[in-house]
Amino acid sequence: MQVIRLEALSDNYIFLLYDDKRNIAAVVDPAEAQPVLKKLAELKADLVAIFNTHHHNDHVGGNKQLIEKFPQLIVYGGAEDRGRIPGQKVFLQQGDRVEFADRIAEVIFVPGHTRAHIAYYFPPQEASETGDLFCGDTLFSGGCGRLFEGTPTQMVDSLSKLRSLPDNTRIWCAHEYTLKNLQFALTVDGDNADLQRRFNEVKAYRSRGEATIPSLLGVEKHTNPFLRWDQASLQSTVKSSDGVQTFARIREMKNNF
């Protein structure tokens, strides 16, 4: 399975999953249809599935046009998003599985950004390979999504699920927010040498117009403050010994950054 990153809107990424054996594709969170249709035409491939992580328009905006072009495709989304995702036919819950290109993705229920948010995790097929996590707006490179419908407790639980995955998991999040996220991270975790190094690397990438997605989960664990709510240095910064409260205070600081 090949993952093809497509740019959309101002800072969105759409991920096209391509099965070159069968010349078919699936797409994760099509913010708009045109970039997907253009790449499918180049590949001369059929689209068989849409994997939506949540209902926000910058993740489902292309659904209707893609369904019109490929009426047999199947739209997957979270069970609690029923009625909110255009064309949804499959309603997924924690622990469900979906198959594409001889790989099986595990569905992880990750409420917080929205009440129905899910992520798709494709474990590696071989020990030497990477897994692939399509996490929408739950976990970002260097950050996490705002809490529009969920609570800090829910988000910490959701991020705990993602944090437990292997370090070599590739993080395919839906926005190019890394540089600004790390600028904020330095304000709450400025003595973190790993974070300082990463910020300089990302700054160089973006100066060359290069994407920072995918990230690796192992890197996130050491540099993303929203996965480090139980670290003493961050708890000291926000003056709390409680993990959820630490997360909530950091999230509020980021909202106002």
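Note: Cβ is positioned from N, Cα and C throughout, glycine not excepted.
Binding site for Zn(2+) 1 per Swiss-Prot: H54, H56, H113, plus D137 from the candidate set D96, D132, D137.
Mapped onto three states, the DSSP output places H175 (Zn(2+) 2 binding site) in strand. The separation of H175 (Zn(2+) 2 binding site) from H113 (Zn(2+) 1 binding site), Cα to Cα, is 14 Å. Counting only residues at least six positions away in the same chain, the Cβ atoms of D11, N12, Y13, D137, F140 sit under 8 Å from the Cβ of H175 (Zn(2+) 2 binding site).
Shown in sequence order, N12, D29, A31, H54, H56, G136, G145, A174 are the same-chain residues outside D58, H59, D137, H175 whose Cβ sits within 8 Å of the Cβ centre of the Zn(2+) 2 site.
The DSSP secondary structure for H113 (Zn(2+) 1 binding site) is coil.
The DSSP secondary structure for D58 (Zn(2+) 2 binding site) is helix.
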